[in-house]
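Inspection log for the structure reproduced underneath, given as structure tokens.
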Amino acid sequence: MSGGRFDFDDGGAYCGGWEGGKAHGHGLCTGPKGQGEYSGSWNFGFEVAGVYTWPSGNTFEGYWSQGKRHGLGIETKGRWLYKGEWTHGFKGRYGIRQSTNSGAKYEGTWNNGLQDGYGTETYADGGTYQGQFTNGMRHGYGVRQSVPYGMAVVVRSPLRTSLSSLRSEHSNGTVAPDSPAADGPMLPSPPVPRGGFALTLLATAEAARPQGLFTRGTLLGRLRRSESRTSLGSQRSRLSFLKSELSSGASDAASTGSLAEGAEGPDDAAAPFDADIDATTTETYMGEWKNDKRSGFGVSERSSGLRYEGEWLDNLRHGYGRTTLPDGHREEGKYRHNVLVKGTKRRVLPLKSSKVRQKVEHGVEGAQRAAAIARQKAEIAASRTSHAKAKAEAAEQAALAANQESNIARTLAKELAPDFYQPGPEYQKRRLLQEILENSESLLEPPERGLGTGLPERPRESPQLHERETPQPEGGPPSPAGTPPQPKRPRPGASKDGLLSPGSWNGEPGGEGSRPATPSDGAGRRSPARPASEHMAIEALQPPPAPSQEPEVAMYRGYHSYAVRTGPPEPPPLEDEQEPEPEPEPEVRRSDSAPPSPVSATVPEEEPPAPRSPVPAKQATLEPKPIVPKAEPKAKARKTEARGLSKAGAKKKGRKEVAQAKEAEVEVEEVPNTVLICMVILLNIGLAILFVHLLT
């Protein structure tokens, strides 16, 4: 057998013995670009026993087969340690995975690298779960046993993934909180949940129900469903107890807070009962599990005597069941998200009450049957656990043998190539230093966080802070000249704050965008639009112009962007002085000249066609009454001119009166229509509620 050093094209290298052109005997090999290292024994190009070290510092010590971990071995990955069997690169069939920082561990069977079959989970506080697993989750039948309440871990945040979580690595250390059921409301959680405890003080069913349009004081509000009204209603024990938990608290594996989905009522309602729990009280759940949650039939009981037997859904009492209180009283019926919605005590409808009682009995029988099966599965899990412990001890012996082979390979590599770089020890040193830094940071983090959040202290030069602040002044950016809605927005307060200038929209007179001191292309693009926007904005706020002597020009200026003459030529000034009409006419002209300022910005665009000039002539049918007496005292020589002016004034007044009449009709019609619609909607809702209450 010969030996030496061989460098690969991908940057890796091998230093050790070989035979037949393949690695054989003992040797050390690095991966592509020198990343990763294996040191140990080889068999014609394949690893046999040794130690593989990743650049992160994670290691595997054990046996290999066909280039994959196979047999017995120990994997150190982050803060987790796996000892047991390996099958073609995956954990299993029997093994133990435990946390190096806490007492959390799993002992049992595995499949494809996940907990599968039967096993025992032990959590950081000492609580346990024995039963079935599927794809890394508690699924099937099992028994969850908590530690005394005073020793149970306190869950402070549903988003926090504890080191005791055995399934947290599959979600990269972060676990999303359990979403509430689709038909259940989001409700506040109790203040201090404990791992493994699902029994918590809750509010009454009335407090948990969403408040509708009709309260208890109304006629429809007095229609109630049949529910328990016995002595439980006057006692503190009447309140619902069973509550969702973190799939078994932060002490459970990769479980997150379903606490936000279950508690009815305010947080302070839960405090009295939590304070009354004895520190030695324990809790046990025996029954079905689905997707890592209590779902199906099951029994949950406390050492104090509190007990629930019935159906569960997502760690909540959901279905038919019975709650037995420590004083012997019972609360039974149909539960919905931990709240009793149908009881059997009030016998308003005897037939319906008997059906509910039958379903409750069926739920209790199913829960007792599920509890018996769960105890059997727990016994099987205990036997699997003992077998996994034996495999873990054998894996420790295999790791010792692998380390011996690794030391031999390193010694041989130094002899064959003294200058050969061995990255494995360096990786492990980095990992140790990183752990020391993380531990020191964990000790310093709480006081830093207690002082305050870091976001307000971010410097003003930070681009993120700058981006957060700039959208506020840019809420109304200057628009192109062809968009009239922009000058309309600031119109009500423009006279006070002068917000119509293009620069004022950005908060600075000469700036564009969020960086006024830096010229940008966007500013150059917007500059051509400034004159148009300024003209439109200022035109809307100009004082009314002097009354013109030609009403036709003022009227049709709303339809055209220029003055259009439709009446006869202007009479000489002497004629205007002799006519008695100039006094009432300016009033009409002034009243008409004021509204065109806002209307002129919209009417010309919405109704641009000019042929509307002959249309108003047909509408002037009701006007001769006020105009005829004014035209009588005029001289006959100027009847033609006076008639032209009177007709124009009549047309103008007619249009104004018709427009005012239409606006009045619209306002009169809108109010009763809205009221009627609201009344009809409320009536329909009331009838629907009445119908539902009568049916239920």
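The count begins at 1 with the first shown residue.
Placement of Cβ uses the backbone N, Cα and C atoms for every residue, glycine included.
Residues annotated as topological domain 'Cytoplasmic' in Swiss-Prot, with sequence analysis given as evidence: 1-674.
Tertiary proximity for the repeat 'MORN 1' (14-36) is limited to same-chain residues at least six positions away from its ends with a CB under 8 Å from its CB atoms, namely 1-6, 8, 42-45, 52-55, 405, 408-410, 412-413, 416-417, 420-423. The repeat 'MORN 1' annotation in Swiss-Prot covers 14-36 and rests on sequence analysis.
Among the features that Swiss-Prot reports, repeat 'MORN 5' is placed at 106-128.
What Swiss-Prot lists as phosphoserine is Ser162 (among others).
The phosphoserine annotation in Swiss-Prot covers Ser165 (among others), and the record cites similarity to another entry as its basis.
Sequence annotations record features per position, and here Swiss-Prot assigns phosphoserine to Ser440 (among others). Cβ contacts within 10 Å of Ser440 (phosphoserine), excluding its own Cβ and spanning all protein chains shown: 10. Ser440 (phosphoserine) falls within a helix when secondary structure is assigned with DSSP.
Annotated phosphoserine per Swiss-Prot: Ser442 (among others), in sequence order.
Under the heading compositional bias 'Basic and acidic residues', Swiss-Prot lists 457-471 (among others).
Here Swiss-Prot flags Ser462 (among others) as phosphoserine.
Residues annotated as compositional bias 'Pro residues' in Swiss-Prot: 474-487.
What Swiss-Prot lists as phosphoserine is Ser479 (among others).
Per Swiss-Prot, phosphoserine is recorded for Ser527 (among others), and the stated evidence type is similarity to another entry.
Among the features that Swiss-Prot reports, phosphoserine is placed at Ser533 (among others), with the record citing similarity to another entry.
What Swiss-Prot lists as compositional bias 'Acidic residues' is 573-585.
Annotated phosphoserine per Swiss-Prot: Ser593 (among others), in sequence order.
According to Swiss-Prot, the feature phosphoserine maps to Ser597 (among others), an assignment based on a large-scale study or a structure entry.
Residue counts for the repeat 'MORN 5' (106-128) under DSSP, split into helix (H, G, I), strand (E, B) and coil, are 0 helix, 16 strand, 7 coil. When DSSP labels each residue, the repeat 'MORN 1' (14-36) comes out as 3 helix, 15 strand, 5 coil, counted as helix, strand and coil in that order.
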